[in-house]
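**Student:** Have a look at this one before I ask anything.
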Amino acid sequence: MASENSPLLAYRLLGEEGAAFPPNGAGGSGVASARKLSTFLGVVVPTVLSMFSIVVFLRIGFVVGHAGLLQALAMLLVAYVILALTVLSVCAIATNGAVRGGGAYFMISRTLGPEVGGSIGLMFYLANVCGCAVSLLGLVESILDVFGADVTGSSGIKVLPQGYGWNLLYGSLLLGLVGGVCALGAGLYARASFLTFLLVSGSLASVLVSFVAVGPRNITLAPRPGTNGSSVPPRHGHFTGFNGSTLKDNLGAGYAEDYTTGAMMTFASVFAVLFNGCTGIMAGANMSGELKDPSRAIPLGTIIAVAYTFFIYILLFFLSSFTCDRALLQGDYGFFRDISLWPPLVLIGIYATALSASMSSLIGASRILHALAQDDLFGVILAPAKVVSGGGNPWGAVLYSWGLVQLVLLAGKLNTLAAVVTVFYLVAYAAVDLSCLSLEWASAPNFRPTFSLFSWHTCLLGVASCLLMMFLISPGAAGGSLLLMGLLSALLTARGGPSSWGYVSQALLFHQVRKYLLRLDVRKEHVKFWRPQLLLLVGNPRGALPLLRLANQLKKGGLYVLGHVTLGDLDSLPSDPVQPQYGAWLSLVDLAQVKAFVDLTLSPSVRQGAQHLLRISGLGGMKPNTLVLGFYDDAPPQDHFLTDPAFSEPAEGTREGGSPALSTLFPPPRAPGSPRALSPQDYVATVADALKMNKNVVLARACGALPPERLSRGSGSSAQLHHVDVWPLNLLRPRGGPGYVDVCGLFLLQMATILSMVPAWHSARLRIFLCLGPREAPGAAEGRLRALLSQLRIRAEVQEVVWGEGAEAGEPEEEEGDFVNGGRGDEEAEALACSANALVRAQQGRGTGGGPGGPEGRDGEEGPTTALTFLYLPRPPADPARYPRYLALLETLSRDLGPTLLIHGVTPVTCTDL
């Protein structure tokens, strides 16, 4: 664990070569010595080659011929704006900290979490695998177009046999060459890429020179079959040289049929082809594990590559529009060979771009796979991809990826996969934009990238534009990719992943919660919108598990805080003993499946600790208004962890993932007769303190006897029928009259109604008991109570019970806070409590047809039993010396009643107005 003595930056000052570098942590792709690629070789070259691909040689005429120069420029501008928005996000994330192996996957997973990062990382990996196969098959087709034995026309060199098997053989041989280069390390790949870059640059240079040096000429176009299979006369295209009329004719759009597919072209279809060839901006980021300084190389190299390719595309668009008529542009997409000073150099460029694209895809895929394997998100299935050479090259991931590409090559034609590959790339780009957007919106102080040319507007536009392009290119593939991402995320969520990466969702939640808490003004509170906000004080959760779940049901969308007081004095301790306990309490909340916060404190006494928690728990307008305590009696505590499946498994004491079981983190329950941390005097004083602070109080007794189905999270419709009994009258002051409608009585009704709204208690019948004196006529008081319940929208049965004649005799009522100190003696108070207890017990087993009756009247119809009883809690006496007697009276009152809640409310909680 980090302390103030830990170094702020874990940097090794001197490496083997005397240079400073950070250690390569988890998720890296090798030892530090593997980081040797410069910005140019590691980022610029692979990104340029990936963004050019084969489009730069074979699709310039296609785009300009169908869309015209103006629309082609608009398409290019829109495409590069979309890419540039993602590049800005990449630059921001890459300059905000150390970037290890995995490129885009590393950025996404360390921001959005392992679930989203792992799912998109796997999709990005599969996109690179399929992209490698598509490039190789495109290269095979380009070679066979010139050297194939079945080539039509006289220009071909018919030396290579053709067919499915031969095509697979050629693709496999080329894959072996590409895989060998990647398996031997990033250094050889960089040199091979640089050689390819030189070949492509030389080929493009020859094309640019040819536009100027070659004179006008007629070019015979490939013949097209007639409508009925008849031959048509050969057509000709014209290379006019620089000509104003040619440019004028090429300015507007002229969409026609694609001679290779016969499909009618539209703006969307042409734009999709152009954009498909430009989606290579992550080629450099995928090499992050081999870069000397990825935080500098990735943004700088990517921006240079994007600017360079944009300039070349613009130049080629203008030159083609100035010099080639529309017939040539639409009838021969490979017209560069026809106008070149040396046509074989164009072929070399075509082959070099296809080969470099396949190499870039394969090595990028291997680095993503290695990072996924290092993070252990998919278990043993990716274990072989962890293997690295002595120099840090992940040859295991290369071999793994090579095998998958070989399987994809078996499918032969992959034109249908091209759109899926592009959509998967766009999903990854959108995720990078979303990662940067999340970091920006979270406003975390540690998000301070050195690259500042971005904002949340650019990130949001990047996400929206990538999603739009996905559905423009292929709606089916876009919908399928989002569905696949959701399924993979659900799988990783169920499996569980690393939690030490940090979740930007937590930062976003903090930002939003803080904003809305500041808007939650306690001065605007109204009784119409009152809700319970509970503070449950727990000594040992082993004995309080049923109460913990019952309180969760009582909160009804309100605040629920689990409070615990650790006894001690910080002055006499070397460190705070409370902080290490938070993890165990949070695990308790998770396993008990309750929606609660945890608040712990250190105090010399439980009473003082309770005062601390009552004052400081919560935040802003979300502060506890009700204190919940277990009842103070002599019942031996039970260990509910032993009987609850969520806490008793696994028996070995370890949970899945190797963390200790919760049963090992809390001490065993107190043994019978052992000293308690809280005295009876302090217990009652804590209740009195809460009432002085204007907090409602709930004392819970015998909650361990609650029916298990009533504490479940499901519906209680199929459970055994039970009653919930409410006695909204102070049974220790049983005078008739309107006592049942005081604030405390209404609070009892409100809490019982809240409980009945919980699904597990829907089937329980709410009964409200109305006590009558022996000389009171039944019916009148019941009518008033029913009218009140109707106004409060409370559905309940009302039952009248007759209180014994001696209970009402005697002096007028004392003040509520001094009921023990009045004329009534201890013996009389004890007798009154016993009589009230007998009355309540007599009604617990009665059905709805019992009618009025006293303790002796048990001749009514037997019905459902009482699952929970709500009793009026009298206010503690003013004299602390009377506290033990007060507690004894409460014990007598609630003895043998089963699960009971004694409640005292001090705040209005009901409203009859709209």
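Using the three backbone atoms N, Cα and C, a Cβ is placed for every residue, glycine included.
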**Student:** Looking only at the topology recorded in Swiss-Prot, are SER361 and SER401 found on one side of the membrane?
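**Tutor:** No - Swiss-Prot names a different topological domain for SER361 than for SER401.
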**Student:** Can you check which of SER6, SER679 Swiss-Prot annotates as phosphoserine?
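**Tutor:** Annotation hit in Swiss-Prot: SER6.
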**Student:** Look through ASN228, ASN286 and state which residue has the annotation N-linked glycosylation site in Swiss-Prot.
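**Tutor:** So the answer, going by Swiss-Prot, is ASN228.
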**Student:** I'd like to know which of the glycosylation sites ASN218, ASN243 has the most other Cβ atoms within 10 Å of its Cβ.
**Tutor:** ASN243
**Student:** Does the chain bring the transmembrane segment (263-283) near the transmembrane segment (168-188), so that three or more CB pairs sit under 8 Å (pairs 6 or more apart in sequence)?
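**Tutor:** In this chain the transmembrane segment (263-283) does not contact the transmembrane segment (168-188) - fewer than 3 Cβ pairs sit under 8 Å.
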**Student:** Are there residues at least six beyond either end of the transmembrane segment (467-487) with Cβ under 8 Å to its Cβ atoms? List them, or say none.
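**Tutor:** Counting only partners 6 or more residues beyond its ends, the transmembrane segment (467-487) has Cβ contacts under 8 Å with 82, 116, 119-120, 123, 268, 271-272, 275-276, 419-420, 422-424, 426-427, 430.
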**Student:** Measuring Cα to Cα, how many Å separate ASN218 (N-linked glycosylation site) from ASN243 (N-linked glycosylation site)?
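**Tutor:** On Cα coordinates alone, these residues lie 15 Å apart.
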**Student:** Suppose I define contact as three or more CB-CB distances under 8 A, residues 6 or more apart in sequence; do the transmembrane segment (168-188) and the transmembrane segment (120-140) meet it?
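**Tutor:** The answer is yes, given that the two segments have at least 3 Cβ pairs within the 8 Å cut-off.
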**Student:** Where among 73-93, 194-214, 339-359, 377-399, 741-761 do we find the most Cβ pairs under 8 Å to the transmembrane segment (298-318)?
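**Tutor:** Stretch with maximum Cβ contacts: 73-93.
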**Student:** Could you check whether the transmembrane segment (194-214) packs against the transmembrane segment (37-57) - three or more CB pairs closer than 8 Å, residues at least 6 apart in sequence?
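**Tutor:** Result for the transmembrane segment (194-214) with the transmembrane segment (37-57) is yes.
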**Student:** Which range wins on Cβ pairs under 8 Å with the transmembrane segment (339-359): 37-57, 73-93, 377-399?
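**Tutor:** Comparing 37-57, 73-93, 377-399: 37-57 has the most Cβ pairs near the transmembrane segment (339-359).
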**Student:** Mind looking up the mean pLDDT for the topological domain 'Extracellular' (215-262) in the predicted model?
**Tutor:** 80
